[in-house]
Amino acid sequence: MPPLDTIAAVATAVAPGQGGIAVIRLSGPVAEQVAQAVVQCPGHQEWGSHRILYGHVMAVDGQRRLDEVLLLLMRAPRSFTGEDVVEIHCHGGVMAVQQVLERVLEHPGVRRALPGEFSQRAVLNGRLDLTQAEAVSELVSARSRRAADLAMAGLDGGIQARITVLRERLLDQLTELEARVDFEDDLPPLDGTALLNELQAVRVELLALVADGERGDALRHGLRVALVGRPNVGKSSLLNRLSRRERAIVTELPGTTRDLLESEIVLDGVPITLMDTAGIRATNDAVEQLGIARSEEALISADVVVLIVDGHAGWTETDAQLLARIPNDVPRVVVANKSDLDGPPLPGLVDVQFSALNGAGEDAFVQVLLERCGAGDAAGIVLSLNTRQRDLASVAAAALERSHEVAQQQLPWDFWTIDLREAIRGLGEITGEELTEAVLERVFSRFCIGK
């Protein structure tokens, strides 16, 4: 049953100040009626689906023009949601957008859309499967080209196709088992070994998808990398080298960085937030102490910590103390900076030598950095399951493992089907074949309004 109400929201980002264009999106049974009531289109323009019309949004009194707009009507089912959809393209200033949206919402039967409600209706109306809807959100939030590529692979149906094939393979095996439960005397013996091999093959593919998804998280969400070290070892110089701009003040005065500086970069397709921390040392300066406290917090929150030492001065007791302060569960990379200068021998725990001055060792540093946080081969990933999808794939894989254990115990066929059904149900929940209110709430509550 189609929704009885029509929803409306701003579908484009509206930042404070002025913008070029904004889009007000409507979807539902009275969307076209609202457009005809709100927008006055002069001349002999032909009103029809998938046509651009020119006009003005008029105030309720029909006398005052609120904005000059373009109007696009897309009648069901040829629209994003599968319902009648209207897009009003207005000017992007905050007041212009606010006035147009408020005018639309004044019409009976129209309400503000909930987060992700347009995409949710697209799923309920069969325009998208659940993985494609999630890919829309991921494409909007992509922070790198590779993240956008992965999102497009999902939007093109790559995840849905892969999961559907695996689910159908399990359904084939379930059909064989259920036939034996009901009509075993009328059918030839079942090849239990072949069945188990098929279940194991599906399980292996699921675990591979889970592993790729975990690596793909680095592409989707990025990594937070804390640069720590004694004062004046070159943390800020390293940050500036990698970000290719003078983000941090670089001087010969120890303790110059007194706060936590951040720089957004992309390394081999992975979005990286570099956190240039204050040099950790004993000091009586209250401001510097605050920066050092934030540096300590960065050690805990980072996905990987880069300890920078002065290769020219050599390894010191302070370097060893800093290394010991990095939490054991946080990956770390030890970098000896100033490789362009002569220095004493360095201990074997130094991972790479680097020169922030001329860039020597930069490629090696990037490779080690990405490998330490599990993103070393992320650039080669074709499909990447998100957290929800990975959780369900893991549940399915665990159920298939239990099926194998049941087989080893030589239990009757109907015992095999219990875990097999759970695996099938989990895969169906990934794509939306198994859809519940709880699943819809979990997925779409994280979306932006207007998507």
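Cβ atoms here come from the backbone N, Cα and C positions, even for glycine.
Record features (Swiss-Prot):
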| type | residues | note |
| --- | --- | --- |
| BINDING | R25, E87, R127, K451 | (6S)-5-formyl-5,6,7,8-tetrahydrofolate binding site |
| DOMAIN | 222-374 | domain 'TrmE-type G' |
| BINDING | N232, T251, L253, T256 | K(+) binding site |
| BINDING | 232-237, 251-257, 276-279 | GTP binding site |
| BINDING | S236, T257 | Mg(2+) binding site |
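Known features from Swiss-Prot, placed on the structure.
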residue : record                                              : Cβ neighbours (10 Å)
R25     : (6S)-5-formyl-5,6,7,8-tetrahydrofolate binding site : 23
E87     : (6S)-5-formyl-5,6,7,8-tetrahydrofolate binding site : 22
R127    : (6S)-5-formyl-5,6,7,8-tetrahydrofolate binding site : 18
N232    : K(+) binding site                                   : 19
K235    : GTP binding site                                    : 32
S236    : Mg(2+) binding site                                 : 24
K451    : (6S)-5-formyl-5,6,7,8-tetrahydrofolate binding site : 21
E87 ((6S)-5-formyl-5,6,7,8-tetrahydrofolate binding site) -> DSSP, reduced to three states, gives strand
Measuring Cα to Cα, how many angstrom lie between S236 (Mg(2+) binding site) and K451 ((6S)-5-formyl-5,6,7,8-tetrahydrofolate binding site)?
40
Can you check what DSSP calls R25 ((6S)-5-formyl-5,6,7,8-tetrahydrofolate binding site), collapsed to helix, strand or coil?
strand
Given the recorded (6S)-5-formyl-5,6,7,8-tetrahydrofolate site (R25, E87, R127, K451), which additional residues of the same chain have their Cβ within 8 Å of the Cβ centre, ordered by sequence?
A11, S27, S79, F80, T81, V85, F118, S119, A122, G450
Between the two most separated Cα atoms in R25, E87, R127, K451, the residues recorded as binding (6S)-5-formyl-5,6,7,8-tetrahydrofolate, what distance in Å do you get?
18
Of the binding-site residues R25, E87, R127, K451, which one has its Cα closest to the Cα of K235 (GTP binding site)?
K451
Determine, from DSSP, whether S236 (Mg(2+) binding site) sits in helix, strand or coil.
helix
Which one is closest to N232 (K(+) binding site) in space, judged by CA to CA distance, out of the binding-site residues R25, E87, R127, K451?
K451
